[in-house]
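**Student:** The structure's right below; bear with me while I get my questions together.
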Amino acid sequence: MEQPGQDPTSDDVMDSFLEKFQSQPYRGGFHEDQWEKEFEKVPLFMSRAPSEIDPRENPDLACLQSIIFDEERSPEEQAKTYKDEGNDYFKEKDYKKAVISYTEGLKKKCADPDLNAVLYTNRAAAQYYLGNFRSALNDVTAARKLKPCHLKAIIRGALCHLELKHFAEAVNWCDEGLQIDAKEKKLLEMRAKADKLKRIEQRDVRKANLKEKKERNQNEALLQAIKARNIRLSEAACEDEDSASEGLGELFLDGLSTENPHGARLSLDGQGRLSWPVLFLYPEYAQSDFISAFHEDSRFIDHLMVMFGETPSWDLEQKYCPDNLEVYFEDEDRAELYRVPAKSTLLQVLQHQRYFVKALTPAFLVCVGSSPFCKNFLRGRKVYQIR
């Protein structure tokens, strides 16, 4: 205690205080073996703030936070604090936390439209870098309602429209921004890019429409050719001609049905004659052959001669010769078989009243007539000879 009348600034008093201070052990200092960890807990020297602040672990930081986010402060002050916090997270490229901070600022519902517009625009920027382009677009739209001439919001909105492939909208946003600043470089570059992409998109739409119209006309011509020949299609077996045409159209627009993996399709030549993709099945060996364009006026024997001009690798007994082969088609509804004369044309068979073309790909069974397999295969089935 100071002596009465003694000057507290005198050298004697100061020396006495220092001697007393030095005689007492220092408490609260850093431990030598973990000073870096303890140093990191001091708010001023933290390299990065913790995601969750525990008052027991970081009492100083918790105290600062309570001061910064004091609920007794005005909504404007709190919103600005959250905006600044979000900006710090944004600079660190921690966009998720930036979104959270800007959202908290907006929740304060402050009366300053400019501040709210900035919060929306900044949150849009964070959402943009997170790849949430639609959310970002919603935010810049909200910002423009508060501040229609907010150039940053317009630029960000144009970027979002580009990412969402809304090229016409991107051009419109750029035009609106250029009315505010006709020399804004970002808007000029973006508008040129968006306009180019818009024209490409419009060209592609026109090409797609022309292609669709051409295919629709081709399908209609094919349907009329099929109807004129009295050929029955299992997919379009309906009374309504428009529905039948639509059924054909769907098949062509889908490429081909799953039963035809080769990409071939029914076609009509310049003379008005049809060529069909045709499948030959050899049940004895679980093998098959696919003919991509079997002209309707061609005979079965003509194709068999080509396919079996050389013995196939799977015909170990070398019995699959054109003269030995029998061709059948199956009536699935009646579980009946019809033997096809080898010299008949494809059109003659397809016009048979019990033949229904499935998946636009006629299919036929082929086996060696004199073989035990064929006899066993036909046993118990009704077999009819086409004349």
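Cβ atoms are placed via backbone N, Cα and C, with glycine included.
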**Student:** Could you check Swiss-Prot and say which of S23, S243, S257, S313 is marked as phosphoserine?
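**Tutor:** Swiss-Prot records phosphoserine at S243.
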**Student:** Here are some residues: S16, S47, S101, S234. Which is flagged as phosphoserine in Swiss-Prot?
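**Tutor:** Checked Swiss-Prot: the phosphoserine annotation sits on S47.
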**Student:** So one of S51, S267, S298 should carry the feature phosphoserine according to Swiss-Prot; which one?
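**Tutor:** Per Swiss-Prot, the residue annotated as phosphoserine is S51.
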**Student:** Can you tell me the mean pLDDT for the repeat 'TPR 3' (151-184)?
**Tutor:** 97
**Student:** Return the residues near K152 (site 'Essential for interaction with HSPA8') by Cβ distance under 8 Å, restricted to its own chain and a separation of at least 6 in sequence.
**Tutor:** T121
**Student:** Could you round the CA separation between N217 (site 'Essential for interaction with CDC6') and R156 (site 'Essential for interaction with HSPA8') to a whole angstrom and send it over?
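**Tutor:** Rounded to the nearest whole number, the Cα-Cα distance is 45 Å.
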**Student:** Taking the Cα atoms as reference points, how far is E77 (site 'Essential for interaction with CDC6') from R156 (site 'Essential for interaction with HSPA8') in Å?
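**Tutor:** On Cα coordinates alone, these residues lie 26 Å apart.
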